[in-house]
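Okay, so here's the structure we're looking at.
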Amino acid sequence: MIEQLRRERPLVVCVTNDVVKPFTANSLLSLGASPIMSGEKSEAADILKHAGALLLNIGTCTEDKIPLYEEMARCANEYNIPVVLDPVGYGASAFRRNLTDKLLGEYDIALVKGNAGEIHALSGREAVSKGVDSIIEGNTLDIAKDAHEVLNVPVLVTGEMDAYADGKEKMTMHNGHKYLEVITGSGCVLGAITAAFLALENKSDSIADAVSLYNIAAEKAARSATGPGTFAAKLIDEIYNFKTEDYNARRVDVHE
Amino acid sequence: MIEQLRRERPLVVCVTNDVVKPFTANSLLSLGASPIMSGEKSEAADILKHAGALLLNIGTCTEDKIPLYEEMARCANEYNIPVVLDPVGYGASAFRRNLTDKLLGEYDIALVKGNAGEIHALSGREAVSKGVDSIIEGNTLDIAKDAHEVLNVPVLVTGEMDAYADGKEKMTMHNGHKYLEVITGSGCVLGAITAAFLALENKSDSIADAVSLYNIAAEKAARSATGPGTFAAKLIDEIYNFKTEDYNARRVDVHE
Amino acid sequence: MIEQLRRERPLVVCVTNDVVKPFTANSLLSLGASPIMSGEKSEAADILKHAGALLLNIGTCTEDKIPLYEEMARCANEYNIPVVLDPVGYGASAFRRNLTDKLLGEYDIALVKGNAGEIHALSGREAVSKGVDSIIEGNTLDIAKDAHEVLNVPVLVTGEMDAYADGKEKMTMHNGHKYLEVITGSGCVLGAITAAFLALENKSDSIADAVSLYNIAAEKAARSATGPGTFAAKLIDEIYNFKTEDYNARRVDVHE
């Protein structure tokens, strides 16, 4: 589906956190998508009109930006554009919990994506969050299934093994590299990439295609990296250089 | 003129978008200029007092930051410091159009710099903008000349062929590399670099020197890059390592 | 102490400037610490409750964010968590001076860290600041001792020779590389790294360990870098790859 993405060049509107903006934009450009970042509520309708997907990442959201997040979600729903929600640090503060719960409660969300700790907490299970990293060990598939049952939206849980659950499908994805855990925004960028795939016309397997592309690119990047700094630059290279046949390395298990 | 720039080390005040701040600051430092970023209106006069140029990039501007942009422009005009305006995504929303039109209408702007789609739209021509990328094909020189005629300010249009027009001079610049189109902020950084050159005392050929330096550095960086991620890092290296004799690769055409 | 840091994995809350957020987060992750960035006042208590240190960097602070800085400092003091203050561009504007003076006057600060120009100005000495770079030449140890005497808080002054002074100890640190001066945020990142070391239990030599680790990593990174762009990526690699025996290259002088 990467060839289709490069042909359609979907516009992905990113309302994302301050820490990951350059990495997110560069990943989308390398992928072949067209990113736009905005912090201005009054332009939501204008820029979403031509968009293929909306990414809402709450990483550095503040009280005064909540109307922005809501207006973006409202316009995306009105135009029937898929919304990917990344509840960064859910569990780290009441502010993040309340914001996420409000967005999930009041708007149609096409995908919730987070690490094990965030999604575990989202399900109402007790979870201790230390910063924006997860300290939950255990089966990401169980966490995804559990969250889908509680929230009734498609859920992607990232970790050493990534897991996805919606009403029809459950799967685990096994590509990736440990360096992804020591670069900031690696999860946030995956959220942006899934948004780009969800923007395509006549899509199928968007999630597996997005996650596998990113993780296989990471495996390739790690081969010549000497640490997480050079890895991050080479990851962008490998997203750009990704070819359909690179999907041959894909390791995805579909579950009952 | 690069030796002069490294001697004078001009202070460039950057009021720019959130996505490109690190890349912009690193490019200016590598060039030999001294960047300062500010989002605080009340310090405009203090920091512009010692400045050589002001960059206004509207990429992630919001309603509440308009007074900041205006106060920065006002102080720069008062101190007679050149202002470079980058109307990122002009055409993507009414908010961006109104802000840009206001800045162009009320302050002295030394240079407007944008891609073909943005500048085409600025001239009042119909243009469809998809995100912050341009989808206008065609002659950037015509677009620059047209915009200069309508706006009566010097105009730089970026693209595969960069073009410049003011009341006296028209030129096209032919260096560069396709990777520049797949890294975020490559145009924004060029805006910052032109601002640094415009800050010099007794300047001439600032635009051609700035654009050519950047594009020749890009050509050199691309030689050992394996994709846009490593390219971006090497571009900073090549700006830093740029020598006067590297200008020998310059391809600039002056037009009637 | 790097092994201890990787075991304890301290949570470092960063209220820092927009230009250096990705670099700061990546440095802390590579180091083995756990960063969280926040711009929301109402979550200060929640996220500081589990934190090991707070970094306050005023680089792109604005009037409306002052209550955020104050609430973060107040909570950190309440929980007895060390606060590192980086008064970026002190001297460049009245706004920056007033904000820094307020934070120093009203909260317990564990460390003030800045370049020679910033710290010189902080001591009430006349200083000319050109952007956020220092143009003060001279002995950083004298500047540190002087500032400590005036402010009565531990002071770290960065430069070609880094210097530290508190009530008990005075030292100079001699590792590093000139590329650190041409990448944005190199000083800001050092502030974050010292915060991570100050977060450790039963600590000693935190400052020398933090500064030396960073500067030795820089020396190693510079060996294979071709300029400041590749250097920045390799610096992250070398922080990640840093081993206890790398401290053998440490050059620290303790002064009377």
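Backbone N, Cα and C atoms are what each Cβ position is placed from, and that goes for glycine too.
Quick look at what TrEMBL annotates:
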type    : residues       : note
BINDING : B:M37, B:G185  : substrate binding site
BINDING : B:K113, B:T158 : ATP binding site
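What TrEMBL annotates, mapped onto the structure for a quick look.
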residue : record                 : DSSP class
B:M37   : substrate binding site : strand
B:K113  : ATP binding site       : strand
B:T158  : ATP binding site       : strand
B:G185  : substrate binding site : coil
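Of all the Cβ atoms in the protein chains shown, 30 others lie within 10 Å of the Cβ of B:K113 (ATP binding site). For B:T158 (ATP binding site), the same-chain residues 6+ apart in sequence whose C-beta sits under 8 angstroms from its C-beta are B:K113, B:G114, B:N115, B:A116, B:T140, B:G187, B:L190.
Long-range Cβ neighbours of B:M37 (substrate binding site) (same chain, at least 6 residues apart, Cβ-Cβ under 8 Å): B:V13, B:C14, B:V15, B:T16, B:K21, B:T24, B:A25. In this entry, nothing among the binding-site residues B:M37, B:K113, B:T158 has a C-beta under 8 A from a C-beta of chain A. Here the binding-site residues are B:M37, B:K113, B:T158, B:G185, and the ones sitting under 8 angstroms from chain C, going by CB atoms, are B:M37. Less than 8 angstroms from the CB of B:G185 (substrate binding site) sit B:V19, B:V20, B:F23, B:T24, each of them six or more residues away in the same chain.
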